[in-house]
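Accompanying notes for the structure given below.
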Amino acid sequence: MIKKIGVLTSGGDAPGMNAAIRGVVRAALTEGLEVFGVYDGYLGLYEDRMIQLDRYSVSDMINRGGTFLGSARFPEFREEHIRAVAIENMKKRGIDALVVIGGDGSYMGAKRLTEMGFPCIGLPGTIDNDVAGTDYTIGYFTALHTVVEAIDRLRDTSSSHQRISIVEVMGRYCGDLTLAAAIAGGCEFIVLPEVEFNREDLVAEIKAGIAKGKKHAIVAITEHICDIDELAKYIETETKRETRATVLGHIQRGGSPVPYDRILASRMGAYAIELLLQGHGGRCVGIQNEKMVHHDIIDAIENMKRPFKGDWLECAKKLY
């Protein structure tokens, strides 16, 4: 019977992580469990930096961005002897299970702990919305709001100067955030990692828009596809239109979480405790069709893939 649990946040931070921690803590305490927060993710787990949390530890946290427990990259956690130390640190406190909030890299750490016999539950916390087994991740909707607001501001100045603007959006190798923001922001052109990119084709489309009387345009592109400063120079040379590139960067990860992220994080945190009390370990939580679901964390990492929203892209093209 589980009596004590740990909770940590790992990888890149996302708005709503604090709400998720709060959900875990409050639900666990309601069920009579003790909760330990781990500072700085797996690094803190290895370095034995933990603190017992009570209801007041998470007061006034639901509206705060970032993660008050901190997060850190710790690639050494892939080493078994490092994980063995982490498990021993938890066991000496009587911790029976661990809730991990983060992206697929964080899930990999939880998977490896599970394979060593220590039960973990993963919650999807990343603005990239690139975790399998869930329709949405904690932080995605807040980041979407931030990106759309930035696009709206860029449109104001692009319109004033009859300029082409390129805006680079986070997402790693998933275009969900870019695609949704582009539709909501009315972007004329969208470049995604799921679709082969050819800059000559993009310029041809921009020229076609200019020929139809288009005075300005916004190109939304997911990070890591190309150097957008070089792309801006190329577009300006080919179209003879002033072109500017904007990298939104880490501003997308910050800010107070929007209501949906607060609700999603709270539900997922409480559901993680429900699963642990039912004897589940090695699972990851998701939301599908607005219902809480859980999947085998190993299967989610190794076999499940997020479907590409091709119908969304086709819709966007009709609206150019």
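Keep in mind that glycine also has a Cβ here, set from the backbone N, Cα and C atoms.
For the substrate site that Swiss-Prot gives as THR126, ILE127, ASP128, ARG163, MET170, GLY171, ARG172, GLU223, HIS250, ILE251, GLN252, ARG253, the extra residue drawn from ARG155, ARG244 is ARG244. Swiss-Prot annotates ARG73, PHE74, GLY103, ASP104, GLY105, SER106 as ATP-binding residues; of GLY6, GLY12, GLY16, GLY23, the candidate listed for that same site is GLY12. Looking only at the binding-site residues GLY12, GLY105, GLY186, the densest Cβ neighbourhood within 10 Å occurs at GLY12.
When the Cα atoms are compared, MET170 (substrate binding site) and ASP128 (active site, proton acceptor) turn out to be 7 Å apart.
Each of the binding-site residues ARG172, LYS212, ARG244 was scored by the number of other CB atoms within 10 A of its CB, and the lowest score belongs to LYS212. ARG172 (substrate binding site) and ASP128 (active site, proton acceptor) have their C-alpha atoms 7 Å apart, to the nearest angstrom. When the binding-site residues SER59, THR126, ILE251 are compared by Cα distance to GLY12 (ATP binding site), the shortest distance belongs to THR126.
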